[in-house]
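Participant: Before we start, here is the structure in question, set down as structure tokens.
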Amino acid sequence: MMLSRAKPAVGGESPHTDKRKKKGRKIPKLEDLLSQRDFTGAITLLEFKRHVGEQEDDTNLWIGYCAFHLGDYKRALEEYENATKEENCNPEVWVNLACTYFFLGMYKQAEAAGFKAPKSRLQNRLLFHLAHKFNDEKKLMNFHQNLQDIKEDQLSLASIHYMRSHYQEAIDIYKRILLDNREYLALNVYVALCYYKLDYYDVSQEVLAVYLQQIPDSTIALNLKACNHFRLYNGKAAEAELKSLMDNASSPFEFAKELIRHNLVVFRGGEGALQVLPPLVDVIPEARLNLVIYYLRQDDVQEAYNLIKDLEPTTPQEYILKGVVNAALGQEMGSRDHMKIAQQFFQLVGGSASECDTIPGRQCMASCFFLLKQFDDVLIYLNSFKSYFYNDDIFNFNYAQAKAATGNTSEGEEVFLLIQSEKLKNDYIYLSWLARCYIMNKKPRLAWELYLKMETSGESFSLLQLIANDCYKMGQFYYSAKAFDVLERLDPNPEYWEGKRGACVGIFQMILAGREPKETLREVLHLLRSTGNTQVEYIIRIMKKWAKENRVPI
């Protein structure tokens, strides 16, 4: 939601400007228009004077100043560049030109112009922000030391804190300035932004309301309110908040329109992502991340990886997303390297002082231990925020696996059955773990029914192997024999015959012990006859002899 760019934005048409209504025949003074922040009127007056030959010395500088404050940075750039070419160029123009380059995302040019300007508070603030953009910590600290305890410098510092995810530090500065300057209403929006980033959406709404009472049509404030509604309620509630902004098609704030289009994609669950997000990837920082999330939801892991592989993460969200993408790619490719990278990213976020007590931080630690297969530790973290995700299918999917992996198959089965997503319920990991839970919980018939519902595939073959072996270990020989029988038909591997033979003998022993109905013997004989092994006749002869002696129909 920050108004910053990551690529140059020159070229194209200037934003449309509204015509001013005439209030009389008296020509207003430039000073009056500037004091009223009527920058459109000021430009009109300056252009008129230029046209009739009444141009003053700094006309182009004032036009550049007004265009800059209207957000028309391309026009400001044109005026300032022309001013630098004049013979008696005012040296102050260089810092104004540098600021314009900065807002157009032309950071190298901004730095070059900034160093040509005479030393000033504004120049130091500009170079401070450029050092942050270039990730130059040494320069950042040098310019930081030059900041003074004046409002402009402190606001600049708060902005850097925000961009470095130091939200509480930014809040402290804004609140301190607000104590003595209640008229600085916009600071409430900045405070609300910080609370939003800290996941305090209700607090963000309360602070934002102070500003919206005075400025009810603020684009940025209404957009933030919509984002809070999205987090607190749902996408429809958020979209309703944006309706007034969408209806206001005449708004000259083009970047806000890009922001709204971006957020609508998020509010609508990714609808229109491929049409809206790609052009915004280097304009709105979150656009790249949301496009990566879209690709992940479409199971296009490779495309997600291509989009994020060169991103140097600087925020917890970026580290987390890189971790998720590497984990998904590692599972898809069977790559230990990608899994290791994912585990390190998760550990970095979850172990950080700023994130260790947040839900995302604990999710990261759970993910880290999950990849390390340390499921007791996984459960420690998952249990700490379980109450927030009772109906969340993804959470339940991971929680059930961890429960089952630690031997608590009873609760694992219960949680698996809470999952509603058909996509997850058809996933082999879900089917195999649920089958294992059924078997361990002495419900082998339900595990067998899971197999019967599957189409013939490599996954169904793997599930058969699981049922055959796990049922055998648990002494559930009937379903073990059935599974080994199908495996033997599909693949004449001697091991499958040995498994079936052992399971059939196991059933016979259970019949002898009175723990299995005698009628089951008929099906056991049928399973044995389907095998061409020489040992079959000897086993069948013994079983038939017993059946005859005990008058069991076969």
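Glycine too: its Cβ is placed from the backbone N, Cα and C atoms.
Quantities reported herein were computed from a predicted structural model and do not represent experimental measurements.
Dumping what Swiss-Prot says about this protein:
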type	residues	note
COMPBIAS	18-27	compositional bias 'Basic residues'
REGION	1-27	region 'Disordered'
REPEAT	57-90	repeat 'TPR 1'
REPEAT	92-125	repeat 'TPR 2'
REPEAT	151-184	repeat 'TPR 3'
REPEAT	468-501	repeat 'TPR 4'
Participant: At a Cβ cut-off of 8 Å, and with pairs 6 or more apart in sequence only, do we get at least 3 pairs between the repeat 'TPR 3' (151-184) and the repeat 'TPR 4' (468-501), yes or no?
Facilitator: no
Participant: Tell me, roughly as an integer, the mean pLDDT over the repeat 'TPR 1' (57-90).
Facilitator: 90
Participant: Could you tell me how many residues in the repeat 'TPR 1' (57-90) are helical, how many are strand and how many are coil under DSSP?
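Facilitator: Result for the repeat 'TPR 1' (57-90), in helix, strand, coil order: 23 helix, 0 strand, 11 coil.
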